[in-house]
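J.: Before I ask anything, here is the structure I am working with.
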Amino acid sequence: MAQRIFTLILLLCSTSAFAGLFDAPGRSQFVPADRAFVFDFQQNQHDLTLSWQVKEGYYLYRKQISITPTKADIAAVQLPAGVWHEDEFYGKSEIYRKRLNVPVTVNQAAAGATLTITYQGCADAGFCYPPETKTVPLSEVAAAIDATPTPAVTQTGETSKPAAQLPFSALWALLIGIGIAFTPCVLPMYPLISGIVLGGRQRLSTGRALLLAFIYVQGMALTYTALGLVVAAAGLQFQAALQHPYVLIGLAIVFTLLALSMFGLFTLQLPSSLQTRLTLMSNRQQGGSPGGVFVMGAIAGLICSPCTTAPLSAILLYIAQSGNMWLGGGTLYLYALGMGLPLMLVTVFGNRLLPKSGPWMAHVKTAFGFVILALPVFLLERIIGEAWGLRLWSLLGVAFFGWAFITSLQARRAWMRIVQIILLAAALISVRPLQDWAFGSPSAQAPAHLNFTAISTVDELNQALAQAKGKPVMLDFYADWCVACKEFEKYTFSDPRVQQVLGDTVLLQANVTANNAQDVALLKHLQVLGLPTILFFDAQGQEQPQARVTGFMDAATFSAHLHDRQP
């Protein structure tokens, strides 16, 4: 019996030792993408369900999920709302955990039809997988009678992105409308318009006067709302074209010209003949009657003064970018309501509530020119990138606050000195990105990052290993979509301790952001599951599996790891 027990213990120990052979330090703690995100699908005629089972401790990015049909037509795909995840480099992103089901309506599918599904995810421990692509074969489905054709490519993760990224909400239109009311082309006209609305009657009850003014404003709002709906509908039809770089540049130029008109460089307004005709039509209406006042307001909405043309055009272009019908109509309605509020006050309370006319009205008009200039910066930022976008915002901020400071110097009141100090401080803060760009930022004084040699194929890797001349080699895999890769660059590779240990090491880096065929081949050849992954080769060009790094390491941990791998 004792011999049997001894034999059993020896067997258990040998089993543990055998398992330990496969638990080497270089073994990745992360599972392959197919096990982290188990994908499946099920089709029942027109109804297709895509599903992912997400492993605990992993997540999928909502914006990285895309569906592309081939020889098939599908309805617009709506992804369910995810949970918010935030990191230092990419900010807030919607993600999915545990399980994701996406219903897809197949309007029509021919023989051999497929869906190409692309998705990408990461692990909470700081390990990201390259984009995964799956091909789903579709059963033949006859087109339904009420099926509506959809574009060939549906990028579901970005469905609402253009509208969501617009620079201001519709409520800003209300404030813009109120501001436009105090420009030199509009404010002096309110007493005259008030008299026309009341029909020349001076003794009307407050309620009656308020009602007539409100009806006039609603007539004006009707015209603007209709314009907003038409432009939003047109923008919806050409939404994809409106995101093309050439179109964005063209819109930015138009916005810049509109802003210059607010600065007084030239005048924008309807042809005088058309304005005269509309004015005559308005004069034929009977003031003091609800119907006549409503028509007056509707016609007034079509008569654009030099002060209102540029802001109105800017808002219309903003709406076209959104392609949102509700946003389009609501924005223009609030804009008209903002312009009409001072008129309602004048109609009820008289001229005593209006501020006195003066040069300040021209300053209001100029200020709106700077507001319009923010729109081309917003559009160009999509093309030129975040760094140059920040510099444009900086330039705009310096220009606006500098102009406001110089303008405020004309004031004589003591409290304006506080305003001047605030404006000057804002201008100095705004100039910082331009200063960093021109003279170098303080971060430039930080220790230099590692100097990598780029490789992209297996052949280039073998050639670099052959040219290492007996030196050890480190190969770092990097991608723009890998958060932990950026953390390695910022916190680990910049550390003097790490740089000192790697002083005699040949440094290679493979950028696999594109995830193209040669990237996939390199990853597969080296059995790399995801990023960040760092490989080490000895002086003979052989990989040291036990030294392989998967996942983020801070400078101290990575430095210790480098010391441990050294012979």
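Backbone N, Cα and C atoms are what each Cβ position is placed from, and that goes for glycine too.
From Swiss-Prot, for reference:
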type	residues	note
SIGNAL	1-19	signal peptide
DISULFID	C122-C128	disulfide bond
TRANSMEM	170-192	transmembrane segment
DISULFID	C185-C307	disulfide bond
TRANSMEM	212-234	transmembrane segment
TRANSMEM	246-268	transmembrane segment
TRANSMEM	297-319	transmembrane segment
TRANSMEM	326-348	transmembrane segment
TRANSMEM	358-380	transmembrane segment
TRANSMEM	387-409	transmembrane segment
DOMAIN	435-567	domain 'Thioredoxin'
DISULFID	C482-C485	disulfide bond
J.: Using DSSP, how many residues in the domain 'Thioredoxin' (435-567) fall into helix, strand and coil?
T.: 60 helix, 23 strand, 50 coil
J.: Between the Cα atoms of C122 (disulfide bond) and C485 (disulfide bond), what distance do you get, rounded to the nearest Å?
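T.: A Cα-Cα distance of 12 Å.
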J.: For C122 (disulfide bond), what is the tally of other C-beta atoms lying within 10 angstroms of its C-beta?
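T.: There are 25 of them.
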J.: Among the disulfide-bonded residues listed here, C128, C482, C485, whose Cβ has the fewest other Cβ atoms inside 10 Å?
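T.: Comparing Cβ neighbour counts within 10 Å for the disulfide-bonded residues C128, C482, C485 gives C128.
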J.: Expressed to the nearest Å, what is the distance separating C485 (disulfide bond) and C128 (disulfide bond) at their Cα atoms?
T.: 9
J.: Could you pull out which residues elsewhere in the chain have a CB under 8 Å from any CB of the transmembrane segment (387-409), counting only those six or more residues past its ends?
T.: 363, 366-367, 370, 373-374, 377, 380-381, 416, 419-420, 423-424, 426-427, 429-434, 437
J.: How many whole Å apart are the CA atoms of C128 (disulfide bond) and C482 (disulfide bond)?
T.: 6
J.: State the residues, same chain only, that lie 6 or more residues beyond the ends of the transmembrane segment (358-380) and have a CB under 8 A from a CB inside it; answer 'none' if no residue qualifies.
T.: 166-167, 176, 179-180, 182-185, 187, 248-249, 251-253, 255-256, 258-264, 307, 310-311, 314, 317-318, 321, 388-389, 392-393, 396, 399-400, 403-404, 407
